[in-house]
Structures are given as C-alpha cells and as structure tokens.
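Structure first, then comments.
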C-alpha cells in the first residue's frame, strides 16, 4: 500500500508584499517557517526535518497546520506559545512582546538523554529542534558558511601564514551544516577532501556550487588534491565513502594532510553510519535495533577519531567542529578521543569576547536584489573591516541562495544594531522591496551552554553553567525581539547543550527601529558579559571601551 501524497508539499514561502497574516510581524515567522521546509533547504521536508539528523520545524503535520493557521490570525498584541513544535496557546500581551515564544526539546536533567528523549518523541510529546530548524531561521548551508570560513581563516592565521594555499584538509559530512566545509576551505585558498556516505548530498553540494568535483576513488581524490596543492590552487573534492574506513586508509597512504576535522551527524549515533552497514539499509537497521546500532556507530566513531588523533601525531592541525564525535568515540572505547581541541577554544573564543558572532538576515520580498542592496550597506557601514569585505564580496559571487535570499556575516557588540537600523531605514525608504528578518544561529557568544562546543574549556570552569542561555532568552524577550526560542541539545545532541535564539523583523516602522536597537545591542552584549564573568581580559577591555555595564566591576 502506497502512502498518499502530502498535498502541502512542496512548501515555499510567499514572496512579495502581499500579506497572508495580519502584519509583517506575524507574516515574517510564517514565511520563515515555510522557508525552513522549502525543498531547497529541508533535508526531508516530507518528515518536517530541516537539517541535523532529525532537526524539525514542527512536531507533526497537524501541528504545522495549526502553526500556519494561528500565525495568519495572530494580532499585534498577542503571543503564540510553541512547545516543541506544537502551538499550545495564544496569550494577550502587548506590541513590544514577541509574537512567538518557542521552547524545543527541553528535558529535566536526569531525563536528558537520547533514550528518554526518543521515548517521549515516539509518544508525540516532543521534537528535536536542533538550533535553527525549530526556531524558523534556517537559511540553508550559508547559515554556517561564514562561521566555517572564519574558523578555517583562524587556522590559516595560526599555522599557515594567513592562507590555506598549499594545504590539504580532510573532513567528512556534507549535510546541512557540513556542506559548508568545502566552500569555506576554498574561500581560504585551500584544498579539501570531503568524505560523505550519501551520494545525493554530494550531488546537491555540487549543484549548489559548494563542492567543485567528485572523485571516483580515494586514490583519485588524493591525486587531485596533491596536484591542486602543488599548484596552490583551491579545490574541493567529494568522495563517496564511510569516514571511519577512509581516514584509516589515508593514514596508510602517508599523504601529507595538514588539517583534519569532521561534521558528520555524530551528535546522534543513530545518524552516524557504522562500518559494514550498507547505506541503503541504514534507516531499517537503526529502527530495528537502535541500541545495537548505537553500539556499532560508537565503535566506528572510535576508529574515525583514532585516525584523527594519529594524523595529529603526524603534525596535522586537528579540531572537533562541534558534533560531539570525541565524546561518542570515548563511549566507543577510545581513550585518547579528547587529545585534540574543539574549534571554539582553539580559534573562535577571542571573537566571542568582543561580542562577535553570526548575524543573518533574509529578504521577505524573495528578491535577490534586496540582499545585494544590504550587502552594499554592510560594506558602507564597516569599510575598515577587510575580512568582512572579503567575505561579503565572495559570498555575493559564490553563494547559492536556498529558499528566500539571505546573507550571513559575523558582527560584534556595537555593530549588529547599526546594521539592523540601516536595514530598517532601507525598508522605510523603499530601497528594499519588503521587510528584512534579522536573526542568528544559537551558536553565538552569549546564548549557549555547551561544554563540548561553545563553552568548552572556559577559564573559570563554568562550561556547564546554563544560566547564561536562559538570561539571553529573557533579555531578548524583554528587549522586543519578534520571536524568541530556547532549545536543548542542538548541535551536540541531547544532554549536552542549552541555547537560545532571537529574530527581529525590520519592517520600516519607528517601533521596529526601537526594538532592533535594543535587541541587537543587548543580545551580543550578553556575550561580552558572559566572558567578562569568566575572566577573559579581552572581554573586560571591550566592556570598558564600549560601555557595557558590569556591576561587579563598578564597586
């Protein structure tokens, strides 16, 4: 018996200026919810899965219908409450309150593990929201691209004289997050071999111009990589295979590998393909015996990470890109799993101390010309930032839009609100055809507690203190964000993180300008405060220089 076709599919966000909802403040979350499920963005839209294994935009199709229905009728003095992808209430609030408040995947500590989460998910009581899937601000692979670009640029600065030209990177995973890796490396002038077990993902990354070529074998991939490296020519190479098998083989070839990382879905062992399991049998095998499958996956991750550590022993720069593969490998029996660092303490924390982090926006008009106009505005606002200029220029030339046209760049405390206010002015003046939504990843300087990623190795040992993520959600709600979310388990998996997100709508009104100024000042301000409190001197300098009040420093 065949499953009947879902009449809702395919889903595309509306373009243009005609409203379905009662105002732009509610039209925006409606369009962004739909944009998350656009087939250009979503990995499995038929299952409401956007990215990251099982990261969903809504809990069920019935819940999706109720979300759409409620957003179209919601007033500007009302707030919709969303509990793990399902609308559970509408409250009368006020125009400064968020139109949507979202809580996804949150569990009490002793119950915060994958087994209990899956039991509750099977009962229809929760869903996995990842970071931007359940908070409706996913913009495709570009959403992680600049962060990945910045990370590889930091690697280049640290080890390779400011460029990756003449280097070879080996990594794995070309999904919604990992798919940014090949372009991020080539934007830094390097060569990269990307291992992926799903042929469709390789094809998609080539179609979207994130990946240059596919090699038919490891030997062919190595030959292409060495040739490009010797010519100091950027090149990204996709290789169909299982990383737990390919990386040990790379060790045997003794190819001089310079950089190693990974972005497979290791955060959830059911979405890491074990050695010996055919790709075609993956789904059936994990559903038939999740406990046994998890054990096999962890054993394969142990082999994968062992190869990474041995490449580090040979001199490669190796780092965890925030998917918990080290912890899973340790559970799989490999004791040296944590001998290489996570990317945040290794490269990104100095940026966090300045309140820098991912600042993204999408054009509700659907017109790429609106993004081109905002690109120009960003360059005019920050003419002295050479790395930003390089990024915006290359992104305009090379980044494929997925769904609504969007852009991302990293901005710091004292910068984000200037960009938001400029965009709002451009909407008001008619320079932009429709409003802009402004949000970010939950991976930010002051919005997450994640001891295996963003808060790994904090100076004061506060890696697991989650108060900061809660305060971030509260301050963004108090400051006037259009929608605010608080999630558990994004990026690194259930039991390992708590994190918050916010989105503002620049609709050209004076009220929007007031909200934007507060939110886009206070949100990155939380990053400065969090790092001052942890004892980082640079954060304390930024606080003094830019007027961030720290009561414990005022006595």
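Backbone N, Cα and C define each Cβ position, glycine as well.
Under the heading active site, Swiss-Prot lists 409, citing sequence analysis as support. What Swiss-Prot records for 52-53, 130, 176-178, 196, 201, 242-243, 263-267, 272-273, 321, 491 is NAD(+) binding site, and it gives sequence analysis as the kind of evidence.
The structure, with features from Swiss-Prot marked on it.
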residue	record	contacts (Cβ under 8 Å, 6+ apart)
52	NAD(+) binding site	128, 130, 131, 133, 175, 176, 177, 265, 267, 490, 491
196	NAD(+) binding site	172, 173, 174, 178, 202, 238, 239, 240, 241
243	NAD(+) binding site	172, 173, 195, 197, 262, 264, 304
272	NAD(+) binding site	264, 265, 266, 297, 300, 301, 328
409	active site	146, 359, 378, 388, 391, 392, 395
**Study point:** Cβ neighbour count within 10 Å of residue 176 (NAD(+) binding site)
**Key:** 28
Exercise for review: Within 10 Å of the Cβ of residue 265 (NAD(+) binding site), how many other Cβ atoms can you find? Include all protein chains, please.
Suggested key: 25
Review point. When you measure from the Cβ of residue 491 (NAD(+) binding site), how many other Cβ atoms are you left with inside 10 Å?
Key: 26
